[in-house]
Structures are given as structure tokens and as C-alpha cells.
Ligand SMILES: Nc1ncnc2c1ncn2[C@@H]1O[C@H](COP(=O)(O)OP(=O)(O)OP(=O)(O)O)[C@@H](O)[C@H]1O
């Protein structure tokens, strides 16, 4: 049973101690029976006296207590370890794995499975003691009458077989019920996240309740009832077998074999002693079955301790962070695998090196995508008159940030050769030639193709673009078999602001996750300062970027900022970002995060600016800002980051500000449509 294996994996020594103690207790119990038997038997035995009885009772109590204490500790330790490993398992699992699982499955496991397992694991101590008592009693039975013992054991095995046969079906029902739990949690998620929409629309609410929430709840109830009833049948069958055996022995075997009275008395005593532990075990079996199902579910989620792709083992965390980031993407592809849970987890490849990137997952065929123009491999231009930054880490203070103490770290010292950024300087160290006075769409891109901008709705946001022939207009070319991004070839330089634009679903956020190291490419290479990124250095790569994603999360505490004076730093940034009147910080804890979306985004920006990393990535950050602060963001904050030599990536639909980019990357259906250097002002 998976449950037992799990307990043994927590502490086999504890199990052995508890079982030994339980067995001694069981033997002592059996000895108690012999003493009782010796008193009431027609042939009294010298064994039966006060002293022996008291001593045996003490042994029974002590061993039972010892076994119970050991197993209770073991059970609680197992539950603690399970919670800890599930919590860190979630954090350690690759993002794409968690996204495939979905929040509802994670919540179901973290709540339901842990609760079920707690019950099952808590049941194990008493079951172990019961088993030991049964073994002891049956041993005594074997001594007083091998015949009765054989019949009793045969009948017990028969009832175990009956229960097991029915339990297989019951286990399957519990497994199905567990899957329904996921659906129920999904419905509860819709209730909590969609409460406004449900309150506003009665028919939607009724339909949702009937078909989703109540539907899942009913299914769950029915499955649990069926399982419970089936198990009651199994219990009844087991009891029937035991009673039939008793009848057979008392009324058939005793007379037929002329069994002596003392043997019969011994048998009756033993069965009396056996009935309690037997019943207890029967009552605990459903808990154990559910626990088994929960444990298997956890294993299937690949979040448990045995998870083979634990990201906590990823390399690069101990390396000094870079102070200037030159990021290059070459032939990068990424495909979503769909909603299916992978049969084989996407684990780190066996050895470090650039080849890792090819081994990290299946290599998707870039079906239907034209090959990239080789010119895309060219080095991008800092452009717009901004001086090329010092790649060796000279940071440029701005926005009131003190120069980081990481400044000036020589990568060579850290054991990594500093990349030769001048090897292919291209025209990037001059002000780029503009494409003319018009919008980006008015001139050709560097690959000679006309950039395809201008697909926007009345609000200026991107709209789905016209799909290539033969493809449904609402689905990207890759979406027939899951979305496909790539090939991506681009260079992001320090002191350069790159805008990533494109229609909804064109792959901008997917690209952002690749650029920030949350996803690894399935083929192609991402490099940081000339070093190819793989599992061996992904943590190092991630530490180069401060990112604010569209679905960012705000922590009330500034976790991980143990430096003194953090409150002053935060309060200064709060004032600069004009939210000091709404929120303040004390002992590294924000006074409130109950703010508007725009204000929350400013708080996220505070956190990002505190990190002072060489790469800044903003995924539609300005979308919720008032026009005035949007201006501040595009004209002041981005300009300041550029001045400080940061590599800035901005995903945006704000075409009013496209001219502020040094480089503009246009995505369409996951394909890099154009790469345009510095844009003319509008
Ligand atoms: N976790 C995921 N699993 C499967 N498919 C996904 C996942 N995330 C995104 N996709 C798909 O990938 C495509 C690109 O999504 P992405 O979020 O990168 O687009 P986007 O350009 O950022 O869109 P928007 O402008 O609307 O934010 C979409 O078609 C989406 O359905």
C-alpha cells in the first residue's frame, strides 16, 4: 500500500519500534487470554494468579502506550513532512507544470488530499496495534487448538478476500470522487473570483449553480454514498463470514471432532478479544482507502518529495548577479503542451551546457512559420542617442537609488568570462537611422519587410490579426496543436528600451516568461552576457530580472529584503510614485494592499525598483495608470532606467509611446513579425 510505503519512507525505525512494541503488546494480550482461560477453564491452571495478571496487564499497557506514542509522532511527522514537501513542491515545480495543473487542482491537493491523508495516517497507529493483537490472539488459538486455528484463519482470509474484492471497486469510486473534487474546487474558484458577475446576472447564477457547483457537489455526494454503501456490504459480508465460522465451530466442528470444553472456552475468549480490533480495522479501512487515493493523486501531480524536477536544485543561485545584462535569443522556440498532465515530467537535462536547451523538452516543429530572416541575428542598436552602457557593470544611479554594491563586479572574477560585447558591435553604437517620420508601419523593418502595426481597436489596444490563409481567424497558426512561439531572434542590450507589441494572444507574455527565465526554450538558445542559459544556471539568469507581469502578486511583507533602512527606501519610492498618502511601510511590512489596481501596480513597481536588477520587464504595466502617470512612466521612469544602463523590456499596446522605444519587436501569432530599431517620434 502506497500509504505504508510513505510512512516507512518517513521513518522505518519508528515503524519497526512501533511494530515490535505492538507485537509484544499483542503477545501480552494473548497471554492475558490464557490467564483468564486458566481461571475459568474446567482444569484450572497455576498460571492464573494476581501477580502474573497484573504484570501482563502492565506490559500490555506500556507496550500499547509506547506503540501508540511512536506511531502518533510518526503520523504527525508524516503529515508535517507532507505539508512541507507539498508547499515547497509547488514552489519548486516548473511554472509550465503548475500552469498545466491549474489553481483548482493545486488547491484540491493542498486542502483535500492533505486532510484525507492526515486522517488516514492518524488511523494507522490504532490499526497497527489491532493487527498485533489479532496476531497474538490467533497465535494463542494455534496453541490451544490447531484445528480451530486453521478454520478461523481460513475464514478470516476468506472475509479479507471478500472485503478486498469489494474494496477494489470502492477504491475506484473514491478515485473518481477525488477527480470530482477538482471540479468542485474549480467551481468554488469561479464563485470566489466571479462573485460580481454571478451577483449581477440571476440566470447565469442559477445555471452556474445547477450545472457546475451543484452538479459537481451532487456527483461527489453520489460517489461517496455508493462507495460507503458498497463498503457496508463488504463489512456485512466480512461479519457474516465470521459469524458463520463461529457457528461452524460451535455447532458443527465441536460436536464432530469432540473438542474438549477448555478448548471451546479458549476459542470463545479469543473471538471475544478479536471482535474489537477486527471491527476497528473494518471502520478504518475507508479512511485508509481514501488516503491511498489521495497519496496516488499527489504523486500523479508530481509535487511530492520524490518530484524529480525539483527547481530548488537548479544551479546558479550562488553566483554573483550580473550588473549589466546583454540578452540574446537565437532560434528560440516554445510551445504549450496543452492542458494534459505530462506522463513524464519535464526535468532538468542530465548535464549542463548549451545543449541542455535542446533536451529540456520535445522539439516542436515550427510548422507553418517562415524561417527567420538571418538578419535578425544582428546586434540591436541602443539607438536614440543613448550611449551604449558599460557592460562591465557600471550602474547609473537614478530615481534616487543608491548605486548597488554589486556595481563593478567583474564576471571574470566570478568564474565566468566577461562576454566580448564588442565582438559584433554592428551599427548599434551610433544613433540608428530612423525609418522616416511616420509611425513604424510606414517604413520597412530591418529585414526589409514592412512592419505590421496598426491592428488596433478604438481604445488603442491590439486586436487579433488576420490569420494566414487556411487558419481560423481566431486561432493562431500554432493553436491547432497548442500555441507555438518562435523562432525568436533578438538582442537586448543594456541602456536600451525594447517594446514588445502585438495582438492579443500573439505570444508577448510567453516571450516575457522566456526572457525572465520562467520558461526555458524548447529549442534555440537564450544567452546572458554570452553564456547560454540552461537548467544549470537558470537561477542566476532569473536573478538578473525584475519583472512585473500582468497577473502579478503583491506580498504585504518585503520578503527577502533583510538590509537595514528598507523602510526609508520604500517610503521614498512610495513618495516618488505618488502613493505615499495611501500606504506606508513599517518594519518591512506594508500598511495595506487594499488598493486600486493602478495603485497596486505602483506598489509592484516599488518592489521592482528596490531589487535594482539589471533587467526590467514590464508586462502592460501602464495599462491601469491614469494618463498623467502613464506619461511619467514612459517619459521619466523608463528614461531613468535606460540612463542607469538597465536592459528594459516593455510589453505594451500603448502606440502613443512606441516612438520612445530603442527597439520594437512585433509579434503575430507567436511569430516574430518585425524587429525595428529606434523609432521616430510621433
Ligand atoms: N499556460 C498556458 N497554457 C497553454 N496555452 C497558453 C498558456 N498561456 C498562454 N497560452 C496561449 O498562448 C497564446 C499566447 O498567450 P500570451 O499570453 O503569450 O499572449 P499575449 O500576446 O501576451 O496576449 P495579451 O495581449 O492578450 O496579453 C494564447 O493563445 C494562449 O491561449
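Every residue, even glycine, has its Cβ placed from backbone N, Cα and C.
Automated prediction, rather than curation, is the source of TrEMBL annotations.
According to TrEMBL, the compositional bias 'Pro residues' annotation covers 363-373.
Taken from TrEMBL, the feature compositional bias 'Low complexity' covers 414-429.
The feature domain 'ABC transmembrane type-1' is assigned by TrEMBL to 14-290.
In the predicted structure, the domain 'ABC transporter' (469-679) carries a mean pLDDT of 87. Residues or ranges marked as domain 'ABC transporter' in TrEMBL: 469-679.
Marked as region 'Disordered' by TrEMBL: 341-480.
Sequence annotations record features per position, and here TrEMBL assigns transmembrane segment to 12-33 (among others).
Positions annotated as transmembrane segment by TrEMBL: 53-75 (among others). Long-range neighbours of the transmembrane segment (53-75) within the same chain, counting only residues 6 or more positions beyond its ends whose Cβ lies under 8 Å from a Cβ of the stretch, are 7, 10-11, 14-15, 17-19, 21-22, 24-25, 28-29, 31-32, 35, 121-122, 124-126, 128-129, 132.
Only residues 6 or more beyond the boundaries of the transmembrane segment (120-143), in the same chain, are considered here, and those with a CB under 8 A from a CB of the stretch are 3-4, 7, 18-19, 22-23, 25-31, 33-34, 64, 67-68, 71-72, 74-76, 78-79, 149, 152-153, 156, 266-267, 270, 273-274, 276-278, 280-281, 284, 287-288, 290-292, 294. Among the features that TrEMBL reports, transmembrane segment is placed at 120-143 (among others).
Feature annotation from TrEMBL assigns transmembrane segment to 149-168 (among others). With a threshold of 8 Å between CB atoms, the same-chain residues lying at least 6 positions outside the transmembrane segment (149-168) that come near it are 138, 141-142, 230-231, 233-235, 237-238, 241-242, 244-245, 248-249, 253, 267, 271, 282, 285, 289.
Remote same-chain residues near the transmembrane segment (240-258) are listed as 147-148, 151-152, 155-156, 158-159, 162, 264, 267, 271, 278 (criterion: CB distance under 8 Å, separation of at least six residues from the stretch ends). The annotation transmembrane segment is assigned in TrEMBL to 240-258 (among others).
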